[in-house]
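For reference, the structure is listed below as structure tokens.
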Amino acid sequence: GDILDDYLRTDGVWIFTRNKQFYKTNNERECAEKCEAERNFNCRAFLFTRKKLQCLTLAENAKMTVTFNGTDAVLYEKKIYLLQCKKGIGKDYRGTEAKTWRGIPCQKWAGKKPHNPNYTPEKHPNAGLDENYCRNPDGDENGPWCYTTDPATRFDYCNIPECEGQVTHTGEVECMQCNGEDYHGEVSRTESGLECQRWDAQEPHMHGYSLKHFPEKDLKMNYCRNPDGELRPWCFTTSPTKRWEYCNIPRCTTHPQVSSLGSQCLSQKGEDYRGRIAITESGNACQHWNTQFPHRHGWIPDRYPCKGLEENYCRNPDGEKRPWCYTMNSNVRWEYCAIPHCGGTEQGIAGMSNMPVEIPLSEECYRGKGQSYRGTTSITVSGKKCQAWNSMFPHRHEKTPDRFPNADLRGNYCRNPDGDNSPWCFTTDPSVTWEYCNLRRCDDHTQ
């Protein structure tokens, strides 16, 4: 697997840490390798800055120190140190519980008082004997323990909850098809063991995912769900410091039968199109989905097994207006494809055109700050494609249609819901959160 799979990623966050090392690296994977190889301290996380390509390996993670905004930074925390629950006897538990089940504080593993320990960081360097955190260095069947600060009690066990097993009431292991868009199970803890926030609650995190706005997404209780096309089911957490996190639900070993079926023509948005057209409407050849040249992207076939991302065929994996592809032209990142309509009626073709018929072509400029702009441009100043406003991929945000009902946040059209300088959008480039759009200001005399 990818080395980054062992880390939890958070964009735009910097953490204050005294124990760190600086390295020059080209990408996040190289930085992760530096963290794995770190010998100056126990590396729990790393920071990577995109502009300077700077890598900082860290002894602390966000649970242990202060966090603040850092626009260009990406924080990667080792998941094993975020897990607040134990699997089995908890031999690999690396959480921060530091008191016994009776509430007695633990003695530091490197300390000698009040008890002289048999298990020390020097004798067992790979057992995670940091500070005074509960651990299980000897594989005790009763789970993590610690030496106590009570002179009368040499050691005692800690009350570490079990990581929630993905087992249904019928005794079967829960699994998800595809990316879990249709997962209806009852797992309600995140992959680091945090309890999920109820979907009908707005504390500790406000959000727009309500049963009213997403009636078909089964947003019941606090169960993990995937209402927005993420990699896998997730939930908002009950921790004020962690807005959301993925849930650890395995993929089913058998694929749904419908995954091999699909339409050979265009109906609605063409999300079920599985034909073999591999050229864009302007004649550019399509880039293979499993390659990263000439354009780097996140639509990797192995990650999205049910999106039909075979060869270089035109597809619509992200709910766009119609099927598209990345192109082999290094100057054109992506384009729509010309797919014949099912039935081919004039009305059907008009309904699927790029430009909704009620919007005049002339309105491809904006007045003032562009808060009244209702055109259909969906390209940024640097040529990046806009992310749909009702999507949370690749960027999670709060500028949703239900929170800004008067801003006309349709599709992925450029808009200005928050009174910025001009119309803008979130981008589909994971490394660029948002940009202003490629629009000119209307002439003041234009009616």
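Numbering starts at 1 and runs along the chain as displayed.
Backbone N, Cα and C define each Cβ position, glycine as well.
Annotated in TrEMBL:
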- C175-C252: disulfide bond (DISULFID)
- C196-C235: disulfide bond (DISULFID)
- C224-C247: disulfide bond (DISULFID)
- C265-C342: disulfide bond (DISULFID)
- C286-C325: disulfide bond (DISULFID)
- C314-C337: disulfide bond (DISULFID)
- C365-C442: disulfide bond (DISULFID)
- C386-C425: disulfide bond (DISULFID)
- C414-C437: disulfide bond (DISULFID)
- 1-81: domain 'Apple' (DOMAIN)
- 84-163: domain 'Kringle' (DOMAIN)
- 174-252: domain 'Kringle' (DOMAIN)
- 264-342: domain 'Kringle' (DOMAIN)
- 364-442: domain 'Kringle' (DOMAIN)
- 114-134: region 'Disordered' (REGION)
To the nearest Å, how far is the Cα of C265 (disulfide bond) from the Cα of C286 (disulfide bond)?
18
In the same chain, who gets a Cβ under 8 Å from the region 'Disordered' (114-134) while lying at least 6 residues past its ends?
42, 93-98, 100, 105-108, 144-151, 154-155, 158, 160
Measure from the Cα of C325 (disulfide bond) to the Cα of every one of the disulfide-bonded residues C196, C365, C386, then give the nearest.
C386
Counting Cβ pairs under 8 Å to the domain 'Kringle' (264-342), which of 1-81, 84-163, 174-252 comes out on top?
174-252
Using C-alpha atoms, which one of the disulfide-bonded residues C337, C342, C386 comes nearest to C442 (disulfide bond)?
C386
Do you know which of the disulfide-bonded residues C175, C196, C365 has the most other C-beta atoms within 10 angstroms of its C-beta?
C196
When distances run from the Cα of C365 (disulfide bond) to each of the disulfide-bonded residues C314, C337, C437, the nearest one:
C437
For C314 (disulfide bond) and C386 (disulfide bond), determine the Cα separation and express it in whole Å.
19
Summarise the model confidence on the domain 'Apple' (1-81) as a single mean pLDDT, whole number.
86
